[in-house]
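So that you can see what the record holds, here are the features copied from TrEMBL:
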DOMAIN    7-715  domain 'Major facilitator superfamily (MFS) profile'
TRANSMEM  43-63  transmembrane segment
TRANSMEM  75-94  transmembrane segment
TRANSMEM  100-121  transmembrane segment
TRANSMEM  133-157  transmembrane segment
TRANSMEM  163-185  transmembrane segment
REGION    333-368  region 'Disordered'
COMPBIAS  340-363  compositional bias 'Acidic residues'
TRANSMEM  560-582  transmembrane segment
TRANSMEM  594-614  transmembrane segment
TRANSMEM  620-639  transmembrane segment
TRANSMEM  660-680  transmembrane segment
TRANSMEM  686-709  transmembrane segment
Amino acid sequence: MSGAVLVAIAAAVGNLLQGWDNATIAGAVLYIKKEFNLESNPSVEGLIVAMSLIGATLITTCSGGVADWLGRRPMLILSSILYFVGSLVMLWSPNVYVLLLGRLLDGFGVGLVVTLVPIYISETAPPEIRGLLNTLPQFTGSGGMFLSYCMVFGMSLMPSPSWRLMLGVLFIPSLVFFFLTVFFLPESPRWLVSKGRMLEAKRVLQRLRGREDVSGEMALLVEGLGIGGETTIEEYIIGPADEVTDDHDIAVDKDQIKLYGAEEGLSWVARPVKGGSTMSVLSRHGSTMSKRQGSLIDPLVTLFGSVHEKMPDTGSMRSALFPHFGSMFSVGGNQPRNEDWDEENLVGEGDDYPSDHGDDSDDDLHSPLISRQTTSMEKDMPHTAHGTLSNFRHGSQVQGAQGEGAGSMGIGGGWQVAWKWTEREDESGQKEGGFKRIYLHQEGFPGSRRGSIVSLPGGDGTGEAEFVQASALVSQPALYSKDLLKEHSIGPAMMHPSETAKGSIWHDLHDPGVKRALVVGVGLQILQQFSGINGVLYYTPQILEQAGVGILLSNMGISSSSASLLISALTTFVMLPAIAVAMRLMDLSGRRTLLLTTIPILIASLLVLVISNLIHMNSIVHAVLSTVSVVLYFCFFVMGFGPAPNILCSEIFPTRVRGICIAICALTFWICDIIVTYSLPVLLKSIGLAGVFGMYAIVCCISWVFVFIKVPETKGMPLEVITEFFSVGARQAEAAKNE
């Protein structure tokens with residue numbers, strides 16, 4: 001996974017520039033207002049600081065849609081160029097108007113980075129470490145602030161500090177970011193798949209994962225192009241085909257699914273279990289409990305929780321089901337060939353995703369995403385439009401793409417992807433069934449369910465190793481077209497990925513699952529901004545001044561301006577170890593758990609600040625309480641409420657609308673940031689410091705309730721599975737409401 005880690009670090013350099021810019025202007029404005037005589041014109045001074053916010057807000061309105069159109073990498077390159085040009089303009093700045101232009105260009109770069117870096121990291125990171133890697137922007141942003149404060153502090157000790165040099169030196173790290181985006185960062189594989197550029201996507205995945213065989217994840221990325229399909233939750237018992245015995249809880253003669261391996265004679269059987277999976281039972285129970293409790297807890301939260309409660313301890317990128325589960329989907333090169341396949345659709349080994357033009361920028365897809373394998377019972381299948389699939393026959397069968405060794409169909413977090421083709425006649429002679437995609441996830445206990453569902457001949461001890469119970473999300477594949485199917489008598493009709501990715505954006509935004517995800521994303525961004533971080537940052541120098549830090553620094557011969565910069569540097573430095581802890585916990589404890597455990601600390605810290613400002617107490621006691629509260633607030637904010645909203649927003653939206661949805665969330669972030677920043681001085685005058693902190697504490701309480709009832713746990717889950725769960729949960733909630 002080192003490839004994905006290095007790419008995430010390189011992308012997070014953009015957030016280092018954002019933090020650098022935020023800190024630099026805070027120090028440079030002290031000298032800007034002296035040169036341009038702005039002491040009597042605070043509105044212009046405020047505009048200089050706010051111009052970056054205005055630029056970020058303006059560019060965010062279109063950044064998501066353009067990123068979905070042109071790609072993530074070109075927009076990151078553009079952000080580095082904007083940073084570079086903006087810093088040079090600020091370095092020149094003969095007057096206020098040119099300075100405002102430089103700040104605007106700089107704000108454009110900030111807006112692109114804030115919107116696109118979380119998307120980019122989420123789309124390139126493996127599920128197991130996606131939380132860690134997506135916390136990197138928080139770490140590099142705070143690191144950039146610390147480095148910038150140290151630089152500005154050092155310059156402030158000079159006889160005549162130059163604010164132009166403070167602002168213009170940004171061109172050096174921005175040039176580094178430019179070279180990283182141009183020469184090191186690849187395009188997002190998910191975006192490439194959405195445009196049908198399969199060879200490019202495959203090679204990027206091979207680089208990111210450090211292995212040649214990535215067909216399982218390639219198939220997953222294609223499945224992520226669908227939005228709003230009908231999804232059901234089922235459960236299977238999976239085991240060797242020659243050893244599964246009849247049982248009253250297993251539908252033996254109905255919908256049997258065969259799983260084939262690469263070796264001759266190696267096969268498995270998956271049989272549906274009546275009564276539903278633990279996941280489906282828990283989700284139904286959650287829906288019922290939600291109705292009884294007045295719909296307080298979203299069924300979606302219960303549905304996600306059921307996955308993590310039953311997740312095996314051994315879940316990893318490799319197979320979570322049993323040692324040879326992945327290989328059952330792999331296909332050897334010595335299988336007989338179906339002569340009905342058109343020669344142009346047949347590809348050699350290692351050429352799973354050929355191009356029309358023989359280069360990386362393939363605009364069409366001739367080969368199947370699913371590896372070929374034929375059997376003696378296979379019926380002749382006509383090749384279908386816009387791509388083909390083989391190895392389907394009457395009855396049911398699961399077929400999969402190749403992948404990593406024993407975990408060839410592993411897509412992360414213990415999940416597997418597979419497909420089945422079912423077709424049978426009902427009592428009236430009408431054909432029913434169809435082509436289905438399955439996300440499989442092992443239940444938390446292998447071998448048995450409610451006692452002894454699967455009995456094994458020859459002993460009791462082998463069941464633990466040979467049989468597993470797996471929950472399944474079953475849905476129509478993204479490439480499957482019922483309209484095209486009407487043109488053929490047998491077999492699934494497939495569409496090209498770029499055709500699948502087309503459609504009305506506004507129609508996709510009205511999908512119940514997408515709307516549900518927008519409620520979570522926008523709600524988190526609003527609550528994060530009104531939770532008090534800007535107010536505490538504003539108040540920190542005053543608190544530390546009361547604690548005696550200012551007197552200590554003045555005795556060392558440091559001016560008040562330099563002292564405030566040093567205090568800010570120390571404040572940001574304190575955040576770094578806390579963010580490092582959050583990086584470790586984000587994938588262990590999870591996003592939801594971190595939020596639910598850190599927000600109460602924020603509430604307690606704010607309440608202490610309220611009390612210390614309402615009650616008259618000794619100055620030393622007041623300074624100690626205030627300092628401890630501020631430090632705790634900063635540390636626990638950057639562990640939870642700081643990075644978690646951006647991480648969740650980058651995970652919960654489908655590929656087709658991820659850019660525009662995150663742009664909506666980012667636009668909400670910037671608007672709320674502007675409101676909070678400019679309302680703070682007014683609130684301080686009207687309700688005082690204690691009133692402001694009290695209001696922030698109330699918002700934090702509301703935030704905890706919102707997270708508890710609305711925000712699901714997404715750790716370790718592939719992005720496509722997360723969006724599928726949002727779709728299922730939204731439909732469950734609508735059904736419960738209608739009932």
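For all residues, glycine too, the Cβ spot is worked out from N, Cα and C.
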* Could you tell me what the rest of the chain brings near the transmembrane segment (686-709), counting residues at least six beyond its ends with Cβ under 8 Å? => 296-298, 301, 523-524, 527-528, 530-532, 535-536, 539, 592, 595-596, 599-600, 602-603, 606-607, 609-610, 613-614, 641, 680
* Give the one range among 43-63, 560-582, 660-680 whose Cβ atoms make the most pairs under 8 Å with those of the transmembrane segment (620-639). => 560-582
* So what's near the transmembrane segment (43-63) in sequence-distant terms, Cβ-Cβ under 8 Å and 6+ beyond its ends? -> 21-22, 25-26, 29, 32-33, 36, 75, 96, 99-100, 103-108, 110-112, 114-116, 659, 663, 666-667, 670-671, 673-674, 677-678
* Same-chain Cβ contacts of the transmembrane segment (594-614) under 8 Å, 6 or more residues past its ends? -> 531-532, 536, 539, 582, 585-586, 622, 625-626, 628-630, 632-633, 636-637, 639-641, 644, 688-690, 693-694, 696-697, 700-701, 703-704, 707-708, 711
* Interface-richest range of 100-121, 133-157, 560-582 toward the transmembrane segment (660-680), CB pairs under 8 Å -> 100-121
